[in-house]
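Lifted from TrEMBL, the feature list:
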type	residues	note
DOMAIN	A:12-126	domain 'Response regulatory'
MOD_RES	A:D61	4-aspartylphosphate
DOMAIN	A:154-219	domain 'HTH luxR-type'
Amino acid sequence: MTDQGETGEAITILLVEDDAPTCWRLQDALVKAAYEVRTAGSLGEARSALAASAPRVLLTDLRLPDGHGVELIRETRRRFPDTEIMVISALGDEESVISAITVGATGYLLKDAFPTDIATTVRDLVAGHSPISASIARFIVRRTQNSAEPPPGPALNTAKLTPREIDILWGIAKGFSYAEIASHLGLSRQTVPGHIKNIYRKLEVHTRSEAVFEAVQQGLIKL
Amino acid sequence: MSRLVPYLLLQALIVIATFLGLRLLQPSDPEDFALSGFSLSEDGITRPVTLPHFTSSRYSLADPPLYIGTFTFKSGDAGWSVFLPRFSNAVEVAVNGVVVLDSRRDANANRPDRNTPQIAAIPSSLLYDGSNAITVRLFVWGPLKGFLDTVYVGPDAALRPAFETRTLLFVTLPVAFSAWQSILAVILAIMWLMRRREPVYGVLAAAMVLGVIQAFMPPPVPPTTVSRLAGVLLASAPIESALIVVFGVLFFGWRWPRYGMLLFVPGLVVFVIGLIAGPPLPRILFLLLGIPTVGISLFLMAYVTAAALVRRQDAASFTIGCAVTIVLTCWVHDMLSVFEIVTNERTFVSRLSYSAMLVAIGAGLTWRFARALNQVDSFAGQLVARVREAEERLKASFVREEARARAAALANERTRLMRDLHDGLGGQLISIVALSERGQEGATITDAARAALKDLRLVIDSMEDIGGDLMLALGSWRERAAMQLRPHDIALDWRVATPQGLPLHPELRPWHIIQIVRILDEAVTNAVKHAAARHIAVAIETRDDGQGPYGVISVADDGHGFALRGDGQAAGASQTARGLCNMRNRAVRCGAVLDLSSDASGTRVRLQLPQVFPDSDAATG
C-alpha cells in the first residue's frame, strides 16, 4: 500500500517517541505503508527536525525526556497550520488526549495498535478524516452536561459546540458508526467527518489571550 | 420569717420618718400677720373662737358660720392682701363689709381632699388707718366638718411667698402627678391591649384613669347645682384603692380570689347612691364606707407586699412595700386630722402620696417591661449564638462524616480495583512472565500482553462516571473488540435496536460495568479462539414486560460451537469450561441472567440485564 501526497511525493511523518521499541514498532508499520518517516527521541530533536522542514503529519508522545509533547504540538500548530497532528498514547486516556486536542492535535494513536490500523489511521488523517474515539467523545459530551462545578480533568470549553455536534458525539460515544449516526440524525453519511473536524477545531484554544478569554467565559477566572 | 422582721423594722422606721417629714415639710406661714382671734356666729350663737377651728356641722349651706375679726392697718403700707392657707369647703371673705374673695368661683379651690390656699388683694380704698373689720363666711357641704385655718392679713409681699409655696405643693404638684398618671394610664392601657393575658396592666390603667378623672373633673359647687356628679366622684377613692389591691395581688403572681370582689362593694354602693340620691347621703356613705375601704385596701396592700417579700425578695416588692407604708402613714395622718385628734391643722396628704405611689408603680412597671425586652433581646442573642454553635458542631460532624464516607468509599474502591486487577491484568502479566521464562516467543506472549493492556484499559475506562448510561461503556468496548477482531478478519456486526440503546441505570457502578464487559469479552474471545467464527453479531435492545424496561445484550457467532453438558456447562476444552463458568459467576454478581446456547451453527450468548443493578456484590469473597 502506497500513499502519495497531492504532489506525488511521499508523505512525510515526524515520529516523536522516546521509547525505542515502541518507536521502532510504529516506524516499521508506517514505513511498510510507504510513508517517509523521521524519528525524534526528545523535544529538542523534534524541534531541530521541524526546523529542517515541515512534516505532513506529526505523531508525538506526550511525556518526553526534556519536556512535554503539548508544547511541541502547540508550536507545530502555530508554525505549520497544515501539518496534521496526532498523539501517541499508551492507554488513550482522556487526561492526556484532551490536553493535546486543546492545543491542536486531532485524535490519538494507541501505541499497541496493529500495524494495519496504524497505517489506516494515518491515511484517514491525511485524507482529512479526523478520527475520534468513543472514550474521547464520551469525555466531551459528559463535559457538555456538567453545569455546576468544573469537573476534574483538563479544562475543556464545550460552549461553542452546536447541538448537532453534541448529538454526533453522543452517537460516537455510544458506539454507533458514522452511518448509523447519520441515519439517526437525518444527515448524509459524508458530512459526519466534517462535523468531527469542526468539533476538533472548536475545542482548540488558539492563543494565550484566547485561552484567557475562554477561561473568563467559563468562569474559571474572575477578572 | 427571717426576712419579715427586718422588713417590718424598716417599715417602722419609714413610718417615723414620714411623720417627721410631714412635720418638717409643713409650709411655714408668715406668723407676724396671723389673725386667730375671731368671734363666730354659728347656729344663732355667737362666741369667741381661736383659729384654726372646726365647725360643729358638716352641712351648713343655708346658714353658714360667720367669723368676725379685726386687724390693724397702718397707712403707708402699700398693697395689702388676705391669705387663707386652708379652709373647707368654701369661704367668702369681706373686708369692712366689702367681699374681696369668694372661693366658690374656683371649683377646684373647694375640694376638701386638696389643700388649696387662697389669696386676695384688698383694695387700698377699703382700708382705714387703724382698726378694720374682716368677716369670713365658711360654707360647708361635707363630707367632713368645716375647717378654717388661721387667716393672714398683711402686706402682699409678706404673704405671697407662703401662698406660692402652698400652691406649688398642693395645686401644681397634684396636677403634674395627674398629668403624669394620665400618660402612664395610656401606656399601660396599650400594653394591656397588646398583652391581654396580663390583666395587671389593665387594672393599673383603670386605677389611673379613675384617679385622673377624679383629679381633673371640676366638682360642682353646691348649692348652685345639686349634681349627681359629686356623689359619683366620691366613689373613685374606694374603687381606686380596691383596684390597687387587685394590681398588687396580680403583680406578685397570685390569683385574684372571687370573694376579693367584696372589696369593690363599698365603692359601688357609694357610686349607686351617688347616682340616685342627692346630697348629703353620698357624702355620709363615703365617710362611713369609702374612707374605711381605702384604709382596708392600704392595709391589704401592705400585707400583700409583705407576703410577696417573704416569698421572694426582690426590688419590686421591696419598693412597693415601702411606698405602701408611706401612703398608709399619710392616710393615718389624715385620719388623725379628720377625727380631730390633731386639731391645729388639716393638711391632707393621702391623695398626694397616693398619686406619687401610682406614678412610682407605673415607672416600675415600665422599667420591668423594658427589662423584659432586654431579656428577650439577650435571649434572642443567646439563641443566635447557640444556633451558630450547633451549626458549627453540625458542620464539623458533617465534615467528619464526609471524610469517613470518603475513606470508606476509597477503601471499597481499592478493594474492587485490587480484585479487578487480580482477575485480569495480574493474571495476564503473570502468564507473560511464565511464557517468557519458558523461552516462548511470538504470538502467545503478544496475545497475553494485548489481553493485559485491554484489561488495563477496561479498568481505567470503567472508572469514569458515565451517568448510568451503559451504552457509553459499550461504545468503547465496541472499539476495542473491533480492534481485536480486525487482525483475525472477523466482522463485527453491531446492531442497536433504538438510538437510546439501553435504559438508564443511575445505580450503575464501575464494578457492574467491568463484569458485563468481561462477559462480552469472554464471548468474543471464545468465538475467536475456540470456535473459528467469521462473523460476530452483537445486538443491543431494550425490553419491557410490563414491569419496567430492562436491557438485553446478545453475542452470536457463526463458529462451530461446543458441546454443553446437561447442566449447561461446557463439556469440552477445560479452558472454555472455565471461561463459561466465569461468565455465569459474573452475571450472577450483577444480577443479570446469562443464557448460553451452542451448536454446530454457532454460539449464542444472551445476557439479560436486571431492571435494577444490585447495590452490593452478590458474590463477594
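Cβ atoms here come from the backbone N, Cα and C positions, even for glycine.
Look at A:D61 (4-aspartylphosphate): DSSP puts it in a strand. Residue density at A:D61 (4-aspartylphosphate): 25 other Cβ atoms are found within 10 A of its Cβ, drawing on all protein chains shown.
Residues belonging to the domain 'HTH luxR-type' (A:154-219) score a mean pLDDT of 80 in the model. When the domain 'Response regulatory' (A:12-126) is classified with DSSP, helix, strand and coil residues number 55 helix, 28 strand, 32 coil.
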